[in-house]
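The domain 'Acyltransferase 3' feature in TrEMBL is assigned to 69-425. If you look up TrEMBL, you'll see 548-780 marked as domain 'SGNH'. The annotation transmembrane segment is assigned in TrEMBL to 73-91, 97-115, 136-153, 203-221, 233-254, 266-284, 296-317, 323-344, 404-429.
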Amino acid sequence: MRHLEPADLDWQGTSRSRCCFSSAQRGILSTVRQVRHRHLIKVENEIVTLPNEPTPITATAPRKIYRTDIDGLRGLAIALVVIFHCFVGRVSSGVDVFLFIGGYFFFSSQLKNALSAQGTSFVSAVVRIMRRLFPALLAVILATMLLALALFSKARWQHVGEDAIASLLYVQNLNLASDGQDYAAIGRDVSIYQHIWSMSAQLQIYLASLIVIAAFGWLWRSAINGKNSTAQAIMAIILAAATLSSFAYAGYLHQINQGLNYYSPLSRFWEIGLGGLFGMLLGLKKVRTVAQGSARWWQLPTGIVGIAAILFTGLFLNGSQEFPGPLTLIPLAGAALVIVAGTNPTRWSVTTVLDMPVFQFLGRISYSLYLWHWPLLVIATRYFSSGPGNGDAHGMGITRTLGIQKGIVVGVSVIVLSMLLAWCTLRWVESPLRGKAKAPRTAAFVFPSRSMLAQLGGTVIVTVLTLTLAQQIQELRPSASAQKFTGEPNVVFPGPYALLTNADAPEVPPVPDAANTAESMYPPTDRDQCSSLYDGSELVLNHGRNTKAEECAFGDATASRTMYLYGSSHAEHHLPALDIIGRRQGIKVIPLVKMGCYPGLNLPRKDGQPYPECAEWQEKAMQHMIDNPPTDGVFMINTLPHLGFMNNGIVPDDKAEVVPPQFESVTKRLSDHGIHIWGLRDTPYSRDEKGQLDVRLCVSDGFYQPGSTKNDCGMSRSDALAETNPAIDAYQGIDITNLDLTNGLCNDQRCPGVIGNMLVYRDSSHITNVYSEALAGELERQMFGTELPELGGQW
């Protein structure tokens, strides 16, 4: 009696032969007949990922029949993903369940395929995966990119194009890891393609695994020609070793760099690998026999515990802070329990729930729904925002940004629209392009049919056009008025002179154009890679982060007089001004700066993880300055304003600004070694009643109104800073010159985002390169007693 393959079921799930099935199995087949639009193929060719794929029983029954419960588990997982993104504002365990299910089917089927002489080739397997995944991704990215271009301001376009390219090339996870972005919550400045990180990591893992499996299969068939059971045992050992290594690496990286850990395919591999090992285990004959012969009373409690574990994870764990660390075992164990509970199910099992039409439908559209929901959510959040802030004091998810009532309406609308578009994508994009049957290994390079060529040609053309569009929107030209800006304050763009000398400013668009980046926004240390990032504790003394011979030196780089610029990015953003001052005063300015590393403080990283590299770097920088003392002192920040959402209790909530004791310790140590300190009062962290305020995006999005105090993309001076500079009374007995540029950043009442037609901040707290240069005259006056240059005479 031959085994019933999934291909033996028609699209309605009707069996051509009902013999040899138990009553429970016939019950499942009866349920399957009620599920429409099934494209069943042999499990040997199945790649189960986020899309709806057939889920045959491969582990616990002698006959391979459709596993509707796993389709329902996919439906539950995607429901968690969408609901948590919309209304909870953080990640659930849904994606992790998807990764586990993918591994459950992937490794067993691909190994069996590689060991068979009639299996598909490596090339065919890759093509099959891409035919299933890429067209829907391309359709969603093209549609949402055009929508974003229509609704977003130019300042947001560059990142849309950049992320679209990274997503189409399946490297979005690496792109986000390099940016250090936090995936925890929906916000107005979040990437519309941030969710593609999981597909990118998954495909990277699949391709790497396919290479290993194909090479192993070829070696086994051609050179060893042993029993397939032996080959499967060897591969299981290899997979177990790789999974354990990835698990250990994820646990290690979780402690030192959770941002990278979240997106790294090396960290994520163990989730897919564990699913693969679980699938191999359930595929063993002895395990099947035990499962089939055991009593069934355990199925209901097992399934309930499994679903509870999945739900518990999303409700009580912060996935962005914990995954893929050890706590990820909770939802993966839950998924495993649900799968086990679905073998030979009884009437009283979780399969009954997962077979409900709502979960079956969600399971079928899960891939497309995953693609659509996030960009639509981000775009809707941006479009319906009534103010420039990034969060409300109440609510979660989209309700945090839009408020409870509007957030619920918009969130539900996004979900409904996403489901409709997902169904359309499944119907007219995914399904027509799926392979109907596996191709033999010998057919890997057979000339394709005309329909296949048409599909391939159309996909290539649309891909090229989409990539070209994405590339073009990254290269934006500044406004006409911005093109006339010469680089220094003048009568049209007086910048801080509008506050320092009451210079008039005509109504023209501000500079730098909010859509610009790089040189107009960031200090030259960014261009020359002369600053230390989060990772590592080594001092950066040469260009390219010590990979080039050229010294990191600004101002008069050949001068014998030297000055150190020391601290975090809040010291670094004053380098453009010091560069001008150094050239005029004949001083070489040497930056010793590290991201997020304030002198003497040991703040956590942006992702909330500990930052031991900061303390190590601080000691090395301090010793370097003591061993190589500067002739003209050390320039650093000497106050700390309230840090908003990053404050972590450092500055009391009832105070706007303080001098941390650690700052005093650092300056005293330098002063004791005969080193003069130039201590500059820090710039405020912009925020409003709705949370952190990105000034550049506020201006670009059109919220800025010249002359308005309500819509100036800024904040109250009394909320931003103390009434008087706290540094004046703090540093006693220390060789320090207190500097204060507040009067060039704030008027008596407000610290606006645009001053004298110049954009002050590139984000919420870092001043733009242009504005820093415009402050050079005032900073030099306070440091060296020079006269404030006239407009147009700064340089």
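Every residue number used here counts from 1 along the chain in the order it is shown.
Positions of Cβ are set from backbone N, Cα and C atoms, glycine also.
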Taken over the domain 'SGNH' (548-780), the model's mean pLDDT: 92
Positions on the same chain near the transmembrane segment (404-429), where near means CB under 8 A and six or more residues out: 37, 52, 82-83, 86-87, 135-136, 139-140, 364-365, 367-369, 371-373, 376-377, 380-381, 384, 394-395, 397-398
Close approaches to the transmembrane segment (136-153) from elsewhere in its chain (Cβ under 8 angstroms; 6 or more beyond its ends): 51, 160-161, 164, 167-168, 192-193, 196, 199, 367-368, 371-372, 375-376, 379, 382-383, 425, 429-430, 459, 462-463, 466, 469-470, 473, 514-515, 697, 700-702
Spatial neighbours of the transmembrane segment (97-115) far in sequence, C-beta under 8 Å, 6+ residues away: 43-50, 53, 55, 58, 70, 73-74, 76-78, 125, 198, 202, 206, 209-210, 213-214, 216-218, 220-221, 228, 231-232, 235, 239, 268, 271-280, 283, 310, 331-332, 334-336, 339, 366
Beyond the flanks of the transmembrane segment (296-317) by at least 6 residues, Cβ under 8 Å: 76-77, 80, 84, 88, 91-94, 96-97, 327, 330-331, 333-338, 340-342, 344-346, 348-351
Same-chain residues at least 6 beyond the ends of the transmembrane segment (73-91) whose Cβ lies under 8 Å from its Cβ atoms: 50, 52, 97-98, 101, 183-186, 195, 307, 310-311, 314, 318-320, 323, 335, 338-339, 354, 358-366, 369-370, 373-374, 377, 396-400, 407-408, 411, 414-415, 418
Residues from the same chain, set at least six apart from the ends of the transmembrane segment (323-344), whose C-beta lies under 8 A from its own: 22, 24-25, 57, 59-61, 67, 69-70, 73, 91, 93, 96-97, 100-101, 104, 247, 250-251, 254, 258, 261-262, 267-268, 270-271, 274-275, 278, 282, 291-292, 296, 298-300, 302-303, 305-310, 312-313, 317, 350-351, 354
Folded-back contacts onto the transmembrane segment (266-284), same chain, C-beta under 8 angstroms, at least six residues removed: 58-60, 96, 99-108, 201-202, 205-206, 209, 232, 236, 239-240, 242-244, 246-247, 249-250, 253, 260, 291, 324, 328, 332, 335-336, 339-340, 343
